[in-house]
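Straight from TrEMBL, the features:
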TRANSMEM  7-25  transmembrane segment
TRANSMEM  45-64  transmembrane segment
TRANSMEM  84-104  transmembrane segment
TRANSMEM  133-154  transmembrane segment
TRANSMEM  184-205  transmembrane segment
TRANSMEM  225-246  transmembrane segment
TRANSMEM  258-278  transmembrane segment
TRANSMEM  314-331  transmembrane segment
TRANSMEM  343-361  transmembrane segment
TRANSMEM  401-428  transmembrane segment
TRANSMEM  440-459  transmembrane segment
TRANSMEM  465-486  transmembrane segment
COILED    489-530  coiled coil
Amino acid sequence: MKKLTPVFIISVAIAFAFIVWGVVAPENLEAVTSSTQGFITNELGWFYLLAATGFLIFSLYLIFSPYGKIKLGKPDEKPEYNYLTWFSFLFTAGMGIGLVFWGVSEPMYHFFEPPSADPASNAAAGEAMRYSIFHWGLHPWAIYSVVALALAYFKFRKGAPGIMSAVFQPLLGDRVNGKIGTTINVIVVFATIFGVATSLGFGAAQISAGLAYLIPGLGNFSDAALQLIVILIVTVLFMVSAQTGLNKGIRILSKTNVYLAVILLLFVLFLGPTSYIMGVFTQGVGSYIQNLVGMSFRLDVYNAETSWVEGWTIFYWAWWISWAPFVGTFIARVSRGRTIREFVIGVLAVPATFGALWFSVFGGTGIYMQREGIADINGIMTDSGMEVALFAVLEQFPLGLIMSIVAVFLISSFFVTSADSATVVLGMQTTNGSLNPPNSVKFVWGLIISASAAVLLTSPEGLGALQTAAIIAALPFTVIMIFMIISVMKALKEEKPTLATEKERIRQERFELKQEREKLKQEKILFKEEKTANKKKK
């Protein structure tokens, strides 16, 4: 291993101490983290709501501003990946495991415990779909967009190192290379560890639940034992994948994930209540757009007894923010050569639309089965946990067993891709921004991520501990993101004189393209004339 950076040494030491704490004194860890989370959600919930909505407003502003023409790279640089590969990277890194885990269970949960409607009513069904789309829609992708844009802009346009502290050069100057910069990068590492560990914990829980659901004999194992076995096996798989690099392992797995997800989605869409599902999608998206502002600022401050917003919206915004260093760094890594406008539109629109369709297909089908008496999905969730909801729905279809096996493979593949990508990102952040960090560094981070997920998942609070860790880790990084926007805007304003030059360059390229077309047109005419003349001679 090459010379270790201070960020790597400090981060590994603290992460190791956390893991030891979780193994030696899990009850104490739970007590401390729970009280911290309670303070954050009770006293600072408004901060998360305002911050997440502010990030969305900033992203939308960039689309329509003159800065949208600026390239994330040199003026003549082309995108490194085509659209299909790029979108598959976005999808699998951004929310893969979560979509599969919550696709049925979240709408079903909201249907029976809605934020304001009567449980299991028509209004509750509408609220269930609207809030599911809201939690997985524009807000999370705007959060990712802010971080990814900042990193890509400073890395590929300004030539700065690909680490988070480098984004603050316009605000801090050379101090980004000192203690302040190290502190920023350590915070980024911890937000990434707990954000990814949360998702991997959900994935391990669903894989083990799915296997136990499909193979009754596995019920003899305790939940914790089965989950630990799953984490161990998948850790080995993503360690192997991580050694192959971005353009092999992650790229192949990302495309595989998209294909499997689309197959599963189309299977349920066309063999399920198709017309009903498309109606759910249409009405759900319309209701989401219509109520976006109200939901974005809904804190339910006048109803002190409810914890719905804290348990769902605030948790989600914190979870996405804790994921932002990881996903943002990864998206930045694969977005070189795109304009800011193209980048933001792609990051916001495509994954959010797919997420809305996913929840409409799986969540809508679950609610349909419940209301029509086809299956008691809610009862199964109550007895066996939210992680079996997807398998309970698939069981009602022909070839349901095969599709459940496909679902387990999909979750496992998402697990591998997310963990694999996370090791790359953590490697970049702890090796001064190297785009291809050493395998030894990725190996260390892979072990730490898996160990953190295992410690949290096997704690007395279980999945609740994962949520708690994400909320706590997100708080300091939210502050960092706010200053990140200020730094980016300061740098963009300095580019105003170059925008005119960029505009002139684009105009010149269009003129040259037009001339080229005219030239080709003339050549075609001459060719036809020569062909006609030759025929006459014959």
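Even glycines carry a Cβ here, placed using N, Cα and C.
Relative to the transmembrane segment (184-205), the listed stretch 465-486 leads the set 7-25, 45-64, 343-361, 401-428, 465-486 in CB pairs under 8 A. At the 8 Å Cβ threshold, with sequence separation of at least 6, the transmembrane segment (133-154) comes into contact with the transmembrane segment (465-486) through 3 or more pairs. When Cβ-Cβ distances under 8 Å to the transmembrane segment (465-486) are tallied for each of 7-25, 314-331, 343-361, 401-428, 440-459, the top count falls to 314-331.
Count of Cβ pairs under 8 Å against the transmembrane segment (45-64): among 314-331, 343-361, 401-428, the largest is for 314-331.
Using a cut-off of 8 Å between Cβ atoms, the transmembrane segment (440-459) and the transmembrane segment (7-25) share at least three residue pairs, counting only pairs 6 or more apart in sequence. Long-range contacts of the transmembrane segment (314-331) within the same chain, counting only residues at least 6 positions beyond its ends with a Cβ under 8 Å from a Cβ of the stretch, are 40-41, 45, 48-49, 51-52, 89-90, 93-94, 135, 139-140, 143-148, 150-152, 162, 164, 188-189, 191-192, 194-196, 198-199, 347, 421-422, 424-426, 428-429, 467, 470-471, 473-475, 477-478, 481. On the 0 to 100 pLDDT scale, the model's mean across the coiled coil (489-530) is 75.
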